[in-house]
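Asker: Quick one: structure below, then a few questions.
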Amino acid sequence: MTSQPLRLAEEYGPSPGESELAVNPFDGLPFSSRYYELLKQRQALPIWAARFTFLEQLESNPTGVVLVSGEPGSGKSTQIPQWCAEFALARGFQKGQVTVTQPYPLAARSLALRVADEMDLTLGHEVGYSIPQEDCTGPNTLLRFCWDRLLLQEVASTRGTGAWGVLVLDEAQERSVASDSLQGLLQDARLEKLPGDLRVVVVTDPALEPKLRAFWGNPPIVHIPREPGERPSPIYWDTIPPDRVEAACQAVLELCRKELPGDVLVFLPSEEEISLCCESLSREVESLLLQGLPPRVLPLHPDCGRAVQAVYEDMDARKVVVTHWLADFSFSLPSIQHVIDSGLELRSVYNPRIRAEFQVLRPISKCQAEARRLRARGFPPGSCLCLYPKSFLELEAPPLPQPRVCEENLSSLVLLLKRRQIAEPGECHFLDQPAPEALMQALEDLDYLAALDDDGDLSDLGVILSEFPLAPELAKALLASCEFDCVDEMLTLAAMLTAAPGFTRPPLSAEEAALRRALEHTDGDHSSLIQVYEAFIQSGADEAWCQARGLNWAALCQAHKLRGELLELMQRIELPLSLPAFGSEQNRRDLQKALVSGYFLKVARDTDGTGNYLLLTHKHVAQLSSYCCYRSRRAPARPPPWVLYHNFTISKDNCLSIVSEIQPQMLVELAPPYFLSNLPPSESRDLLNQLREGMADSTAGSKSSSAQEFRDPCVLQ
């Protein structure tokens, strides 16, 4: 027997004035007047016309897969999850909860807040969300919004299996690694432990629909009608401006002077430019002679945290939201009437050959450009100012966003695929197959970390590494700290390296710079991060204390939560802990050993004593980042001869970030012998081999001496 679609409140009969008679089927409480207000808004969305079609396809489709195709702003991300919850409720939630993935944690939280409001339910009870360091769910949660990378971690581990009745993969056109991987795993039918009657809903922009249709084998597609009304005609500049931030600011100020109605959405390539634009606009708008209140300038990027909800608040003043690719498809803002688009994005692209990230400034895709333009549609249509010529978009922009699985370090993904007992990650289906070189580099790195056994399967150590929500090399360093009795410090460091950057970018005032410099540690950036965290905790996690030192309060709070999660995980899998000893000479050496155990692939040597570092694994020369503690000292000493680094970024300056001095003897002692043998020919490799031979001779001599001492007493006896 097929279940019937759940009836909405107004289908039960009472009018809004009699709402006390209508009961919310999810919690058994009467609907509030707020529910009916929001229901009218929901029914006005373009997607509402497809409600019953979608529920019928979800119920009757034998393959269990439904595609939903619609433009940004059509209501896909808020309504599809609610309809899936109705479907699951009609079946008594016997197959599990409804889980909705989002490519960005901020989007998952924001949608959960909105959907809980529309459903007249309590956030954290029937509707919840799971994002890094924040699990706002409970035992009665029926609808959960989740960062897609967290869900991939759940799928790969033994935890959480069997919890999903409907799985919604939203914003598939974003092409995140986790979203593409989840689709590959589901399409390959490798999730045997999941419920057999699982429903999968893939929600996408129309531009990716043909590719998804072919990938899933022509499943039923629910097309969302286009929103009525005129679409703005883009206004193109003749040339690309030399200063994007200044051009965007002047365009916003011109709109404000004309006092055209509606909010403004500005797209810039990077968070740094977003901050500069917000600072400049906040100063300039105060001097405008306007009839009403000056515009409110709001940033929108991943580091905004909970402050992102300000973009949805009703204000008497005009809102100017400054963002980047984060808002291409997420965060629909109905009040937007004007869009200013730089046409560019700044992305990190990983090069597996040299194990480095490139900061690439590139054109957005045609799909993104169209999504940005549609933000300004309405009655009457708004405006879309493109800070680039039309030929730039036509000739240089790709049709779709680049798949991130072709641009990121795949070591963590391969580790998770191995956890799912997929012997050859290259055999897993992806919408776009990763480069063989990237997969080989990931396998090689995992092999160096002892995460794989002789057959190429996960070793016991690899299974433990896959449990941690950390990069494999950082998880290895954390496990090594158990051996070297520095777990407390390594927990702090792992959290600080994984959370958002704890330092705000200069310029700082002289007073702020002096206070920040006082937090630097002589042993290097890694110890400085530990010292910053401990000072933050001692301050009582005070936000004003952070602001006075140019520290990111939200990032430090995130690190504190993550540290607690890591500690709980180590206790659960019964790993040994150690007491705090930060600052002692022994702890300094132990911490270096733990770091080298995980990061021996990221070592560089100063070749000429001036700070030109040759990377050990390939012949690239880099300098220390300008934010490195070794460079920010007032009287810098000679650069450290050997350093371990966290990141190597190729941009304007090839730079090493988060750097600490190490002794090459530690590298010889702790790195796998075959790793040293595989290094490219260089003076650094020769020095390490000489050290290894000397240490081997010393060890042999020590053993010989010990044996002689043992034999002599035996003779005397």
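Keep in mind that glycine also has a Cβ here, set from the backbone N, Cα and C atoms.
Below, the features straight out of Swiss-Prot:
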DOMAIN    57-225  domain 'Helicase ATP-binding'
BINDING   GLY70, GLU71, PRO72, GLY73, SER74, GLY75, LYS76, SER77  ATP binding site
MOTIF     170-173  motif 'DEAQ box'
DOMAIN    248-447  domain 'Helicase C-terminal'
REGION    694-717  region 'Disordered'
COMPBIAS  699-708  compositional bias 'Polar residues'
Asker: What else in the chain is close to the motif 'DEAQ box' (170-173), if you only count residues 6 or more beyond its ends and a Cβ gap under 8 Å?
Answerer: 76-77, 80, 100-103, 107, 179, 183, 202-205, 207-208, 212, 329-330, 367, 400-401
Asker: Do you know the DSSP helix, strand and coil residue counts for the motif 'DEAQ box' (170-173)?
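Answerer: The motif 'DEAQ box' (170-173) comes out at 2 helix, 0 strand, 2 coil.
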Asker: Can you tell which of the binding-site residues (GLY70, GLY75) has the fewest other C-beta atoms within 10 angstroms of its C-beta?
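Answerer: Fewest other Cβ atoms within 10 Å, among the binding-site residues GLY70, GLY75, is found for GLY75.
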Asker: Let's check the environment of LYS76 (ATP binding site): how many other CB atoms sit within 10 Å of its CB?
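Answerer: The answer is 27.
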Asker: Within the same chain, and leaving aside GLY70, GLU71, PRO72, GLY73, SER74, GLY75, LYS76, SER77, name every residue whose CB is within 8 angstroms of the centroid of the CB atoms belonging to the recorded ATP site, in sequence order.
Answerer: LEU45, PRO46, ILE47, ILE224, SER332
Asker: Please work out the mean pLDDT for the residues of the domain 'Helicase C-terminal' (248-447).
Answerer: 89
Asker: Could you tally the C-beta atoms, other than its own, that fall within 10 angstroms of the C-beta of SER74 (ATP binding site)?
Answerer: 23
Asker: Within 10 Å of the Cβ of PRO72 (ATP binding site), how many other Cβ atoms can you find? Include all protein chains, please.
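Answerer: A 10 Å sphere around the Cβ of PRO72 (ATP binding site) contains 23 other Cβ atoms.
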